[in-house]
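In what follows, a structure is listed as structure tokens, so that the remarks can point back to it.
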Amino acid sequence: MATGSTAYTWLDDALETIQRAHWHRHPQIITQGPGPEIKLEGQRLVNFASNDYLGLASHPHLKTAAIKAIAEWGTGSTGSRLLSGHRQLHQDLEQAIARWKGTEAALVFSSGYLANLGTITALVGKRDLILADEYNHSSLKRGAQLSGAKVINYDHGCPEVLTDLLMKHRDNHRRCLILSDGVFSMDGDLCPLPQLVAIAEEFQSMLLVDDAHGTGTMGKMGTGCREHFQLPVGDWIQVGTLSKALGSLGGYVAGSASLIDFLRNRAATWIYTTGLSPADTAAALAAIQLIQREPERIVQLQLNVDYLATGLESLTKLNFRRSPINSPILWVGAANPAMALEMAKHLREQGIFAPAIRPPTVPHSRIRFSVMATHSPGHIDQLLEVLDHYYPN
């Protein structure tokens, strides 16, 4: 539909370009969920598009905690955390995150995206340097752009290139911040964290790792990439989300007491927004407690990932490349966006919900499968059978 004012007619042209490139997206209403099975427009589908990796978003303990918090504190925090929006629940959650992550302190934001934006823009500015993995999440990229620092992307997962860039540019800048996903959200691979930590120390650089997809999924206790690599707690900055494996909403930064105190005074996306709602805060706290009591949920997730990855490997026509880590993100490629859309359509017709992932989100189109601990072997077998019959030689 055309816009009324000529000042806005470019929007229609832009949308037409997006449509021609097969990049157009729109939300679809889920009428039943969350869980491994959902209903979409009346159709029952096996859900391979959720980031509810441990199946906690519908867990009774989280629901009970959220309801209790609403009964006691209401539906909203009613102010910014530095004014009237700080509750004991927030402090309890931050202390629980810090203990879980092994850091001195933590700070909870309204989303993981805002945690990255606020932290990056608080730590660096025009006189500084950012070196970022080229496959980083949008929130890291946008935070780097907004900071005003000089931004250089390094080849994905390549510490050698990162080292070369630091040798060339580090001495020309006041501060340096290295940015990387922990588990990369579209590829499911893991950053070379031990090398990144060593490089950051060598070049007197800060290191921020976004562990959004590693929190709750990596390590025996689900504490993330640091536990996976069995690294000691260092000065580097751990960022993540409460909305994936923890089944709630919000984001966090975990690190030294000085870092967290500084962010309370300088992170605009924390200072100038209403605090996380009591329900979301209580649900996230309940999730951490549940994971610590029942680490077998992580074991079940890993078993499901292994089962699907083994099945995809057996379908040789997929040319599936198995990751050396059992991350819950797996994918198969498509030649172009149109083919990815066609594949997703066929999967849906056969009872599988796995939407197409296309540019500009990723450079190469694909179907991404997000594995949950609550998937049954039957759910995974159904997906493998559909792929076996559809995927062209």
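Placement of Cβ uses the backbone N, Cα and C atoms for every residue, glycine included.
The Cβ of THR361 (substrate binding site) has 15 other Cβ atoms within 10 Å, all protein chains considered. DSSP assigns THR361 (substrate binding site) to coil, not to a helix or a strand. Feature annotation from Swiss-Prot assigns substrate binding site to ARG25, HIS137, THR361.
Per Swiss-Prot, the feature pyridoxal 5'-phosphate binding site maps to GLY112, TYR113, SER185, ASP210, ASP211, ALA212, HIS213, THR241, LEU242, SER243, LYS244; the stated evidence is similarity to another entry. A coil conformation is recorded for ASP211 (pyridoxal 5'-phosphate binding site) in the three-state DSSP classification, outside any helix or strand. For ASP211 (pyridoxal 5'-phosphate binding site), applying a Cβ distance below 8 Å and a minimum sequence separation of six or more within one chain yields GLY182, VAL183, MET218, GLY224, CYS225, ARG226, GLN238, VAL239, GLY240.
Taken from Swiss-Prot, the feature N6-(pyridoxal phosphate)lysine covers LYS244. Within the same chain, the residues at least 6 positions away from LYS244 (pyridoxal 5'-phosphate binding site) whose Cβ sits under 8 Å from its Cβ are ASN51, ASP52, TYR53, ALA212, HIS213, THR215, GLY216, listed in sequence order.
The pyridoxal 5'-phosphate site is defined by GLY112, TYR113, SER185, ASP210, ASP211, ALA212, HIS213, THR241, LEU242, SER243, LYS244, and by the 8 Å test on Cβ atoms against their centroid, the other residues of the chain that qualify are ASN51, HIS137, THR215, VAL239, GLY240, GLY251. Across the structure, THR361 (substrate binding site) and GLY112 (pyridoxal 5'-phosphate binding site) place their CA atoms 17 angstrom apart. Within the set of binding-site residues GLY112, SER185, LEU242, the entry lying nearest in space to HIS137 (substrate binding site) is SER185 (CA atoms). Those residues noted as binding pyridoxal 5'-phosphate (GLY112, TYR113, SER185, ASP210, ASP211, ALA212, HIS213, THR241, LEU242, SER243, LYS244) have their most widely separated CA atoms at a distance of 15 Å. Straight-line distance linking the Cα atoms of LEU242 (pyridoxal 5'-phosphate binding site) and ARG25 (substrate binding site), rounded to a whole number, equals 25 Å.
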